Amino acid sequence: MEPVVELVDVTKRYGRAAALDGVSLAVPAGTFVAVMGATGSGKSTLLHCAAGLDRPSHGRVRLAGRDITRMREGRLTRLRRDRVGFVFQSYNLLSALTVRQNVLLPSRLGGPRGDLDGVLRSVGLDGLASRPVGELSGGQRQRVAVARALITRPAVVFADEPTGALDPSTGATVLGLLRDAVDRDGVTVVMVTHDPGAAGFSDRLVLLRDGRIVADGPTPDPVAIAERLRAVSAAGLAGAGRAA
Amino acid sequence: MRAGITAQALRRHKWALLGPTVTQCVASTVITMMVTTAASLGAAPLSPAQRAAVEATSVPEAAVAFALIAVYMAILLVGVTMNLAIARQLRDIALLRAIGATPGRIRRSVALQAAVVAVPAAGLGYPFGLGAGHAWVGGLTQHGVLPGVVAYAPSLAVLPMVIGIGIATSVLGGLAAAVRPARIRPARALTEAATRRPGIGAPRALAGAGLVVAGVVLSAVVARQAPERAGENAFFVMLAMCVGVGLLGPVLLRGVAARVRPFSRGIVRLAVDNVAAASRALSGALVPLVLVVAFALVKVASHTTPAHRTGLREPAGELWTDYSGTAVYCAFAAIAAVATLVTGLVGRQRDLAVTRLAGGTRRRVLAVVAWEAVLVTATALGLAAGIAGAVLVPVLRSAPYVPFGYLLAGVALTAGVVAAGTLAPAVALTRGRPVHVVAAAVE
Ligand SMILES: Nc1ncnc2c1ncn2[C@@H]1O[C@H](COP(=O)(O)OP(=O)(O)OP(=O)(O)O)[C@@H](O)[C@H]1O
Ligand SMILES: [Mg+2]
């Protein structure tokens with residue numbers, strides 16, 4: 001089957017430094033991928049390039065069956081609106097709007113009309129639809145963000161540290177919502193995280209170091225994830241030590 | 001309707017629209033004042049001899065030209081203030097772009113905000129304009145420029161026109177300000193809103209340098225024209241140079257900061273670094289500030305230099321017409337400068353609070369802001385003197401002369417404008433407890 005997200009030899013440079021250096025990655029439909037790595041290793045950059053929020057300096061990107069490498073901005077925006085959902089760590093919502101208005105934003109912007117009540121119920125926010133999001137707790141806000149990401153029934157959801165600002169049990173609830181979307185609706189999730197526990201919800205683990213993929217395989221249990229992370233960053237430190 | 005949802009989403013930043021609102025209000029005041037004055041002259045019951053005398057004063061032409069200039073200034077200054085307002089919205093715009101708002105939709109929503117702002121602003125400016133027109137016509141008759149039979153005749157028919165011009169100028173200014181944020185990649189906007197990188201792109205640098213160079217060349221061309229044409233054209237040449245300076249503003253301010261930095265310590269060093277870091281927001285205020293000072297310098301010097309050289313005094317009435325018109329424009333630009341400075345400072349409320357949490361007393365924080373004001377004032381004065389010189393030297397064919405007292409008053413007024421736009425809001429913004437400000441600002 002054709003991958004939902006595909007990066008081929010993607011490089012992203014800021015000035016002379018490469019935040020991503022020849023990354024290739026193919027994600028089949030209905031997979032939950034976790035991307036991990038030390039700070040500055042290029043995780044967010046990878047996510048931005050894969051989601052069409054930024055353009056690589058070199059390489060090709062396919063998203064939801066389309067080549068977006070040189071797609072015009074207007075078409076790319078509509079593709080994101082109709083086929084892609086986003087959950088960021090913070091600043092996910094427009095605080096001037098209510099829960100309902102935030103969740104309905106993609107459809108107000110011309111995207112597919114979704115089932116508001118259904119999606120609010122599935123994330124446990126029924127009854128809060130008319131509340132201004134400024135009054136919600138951090139965990140509730142992330143659930144609003146997940147609801148907004150899922151309401152258009154997207155092919156893929158990109159999440160950048162979606163539980164970074166939450167306590168472990170609230171975080172687990174939010175991750176459970178993403179996991180359900182994968183299992184129930186066949187949504188693909190690509191999630192950046194620092195937390196081995198969060199990565200434990202995924203099917204596949206991709207490890208980045210200095211803009212390159214250094215490991216890619218089925219997700220082990222959280223203890224093994226933490227060990228692998230340590231091994232990768234220790235290797236990075238040793239490498240830096242040698243270079244110095 | 002569809003542009004409505006994005007405009008609604010951005011309404012959190014309502015106060016940031018204060019700048020464009022105030023600017024548009026003053027523009028409407030000036031346009032009302034000038035148009036009603038011209039209309040009053042046309043409607044006055046004058047004998048053919050009186051009418052010929054009025055035409056000879058060139059007040060009717062001046063009023064029309066002034067109204068036209070106000071339109072240009074409104075587009076420019078609404079653009080500048082709208083630019084600042086949008087900078088505050090960048091993160092929300094990035095989010096909207098990520099989840100599906102096209103660049104066109106962002107542009108439309110910005111234009112819509114600008115248009116919505118224009119209606120009440122024009123409505124408010126209209127009565128002010130009637131008052132100003134009344135006072136101006138009164139002054140012109142009192143100083144014997146116009147015959148006593150000319151009475152000020154306010155007209156309600158002007159109101160729809162003023163509102164229409166207000167909407168059109170606001171939308172143009174808003175569209176100009178929306179070009180970059182609408183085109184920026186969402187990922188870039190997300191990081192840029194967090195870091196506010198001060199650099200400017202090559203196109204902006206080229207456009208700025210091009211405008212300044214073109215201004216210098218054109219002022220030499222304009223100097224060869226007939227005096228009446230030259231006066232008006234020189235204004236547009238000056239406007240071009242001010243825009244150029246505004247485009248180059250971040251680079252210029254960082255240049256000034258880099259020069260001063262080695263000689264600074266403590267609070268002054270902090271102020272120098274702040275000016276460099278906030279150079280983008282401050283460059284918005286440079287446009288109207290430089291415009292005010294350069295305009296006033298050119299007007300005053302073009303009267304005082306010949307008087308100084310020849311020892312002859314000009315007719316008082318004529319002088320009064322020119323100086324009162326100049327005062328109107330200087331007030332216009334000064335108010336816009338205050339509005340941009342206030343917008344910039346309100347946007348830094350959280351930074352001020354963090355500085356206090358990090359151990360700065362309120363007095364020290366205010367001292368830092370005061371030093372920033374000194375740097376901005378000095379930069380604006382220097383640039384304005386340069387621009388005024390470029391305009392004046394070819395016309396006067398000699399070094400411009402301005403009496404020392406005038407210069408002193410000019411420096412004091414400029415410093416006053418900058419202080420009103422920075423120190424006054426800083427005093428108000430540092431009144432509460434810093435912890436509350438920081439807590440409220442966290443999303
Ligand atoms: N807009 C930018 N301009 C310049 N450099 C950038 C920009 N964005 C990212 N970088 C650089 O690219 C590299 C990768 O950044 P990225 O944000 O992808 O890291 P990350 O893995 O997401 O880190 P973190 O875990 O801290 O979020 C870093 O060295 C960063 O400094
Ligand atoms: Mg990151």
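Note: Cβ is positioned from N, Cα and C throughout, glycine not excepted.
As recorded in TrEMBL:
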type	residues	note
TRANSMEM	B:21-43	transmembrane segment
TRANSMEM	B:63-87	transmembrane segment
DOMAIN	B:65-184	domain 'ABC3 transporter permease C-terminal'
TRANSMEM	B:114-137	transmembrane segment
TRANSMEM	B:157-179	transmembrane segment
TRANSMEM	B:205-223	transmembrane segment
TRANSMEM	B:235-256	transmembrane segment
TRANSMEM	B:277-298	transmembrane segment
TRANSMEM	B:326-347	transmembrane segment
TRANSMEM	B:368-392	transmembrane segment
TRANSMEM	B:404-424	transmembrane segment
For this session: Note the mean pLDDT of the domain 'ABC3 transporter permease C-terminal' (B:65-184), expressed as a whole number.
Result: 89
Exercise. At an 8 Å Cβ cut-off, counting only pairs 6 or more apart in sequence, do the transmembrane segment (B:326-347) and the transmembrane segment (B:21-43) clear the bar of 3 or more pairs?
Worked result: yes
Exercise. Are the transmembrane segment (B:277-298) and the transmembrane segment (B:157-179) close, by which I mean at least 3 Cβ pairs under 8 Å that are 6+ residues apart in sequence?
Worked result: no
Exercise. So which residues does the transmembrane segment (B:205-223) touch in its own chain, when a touch means Cβ under 8 Å and the partner is 6 or more beyond its ends?
Worked result: 230, 233-234, 237-238, 240-241, 243-248, 251, 387, 390-391, 394-395
Exercise. So how many of the residues in the domain 'ABC3 transporter permease C-terminal' (B:65-184) end up helix, strand or coil by DSSP?
Worked result: 100 helix, 0 strand, 20 coil
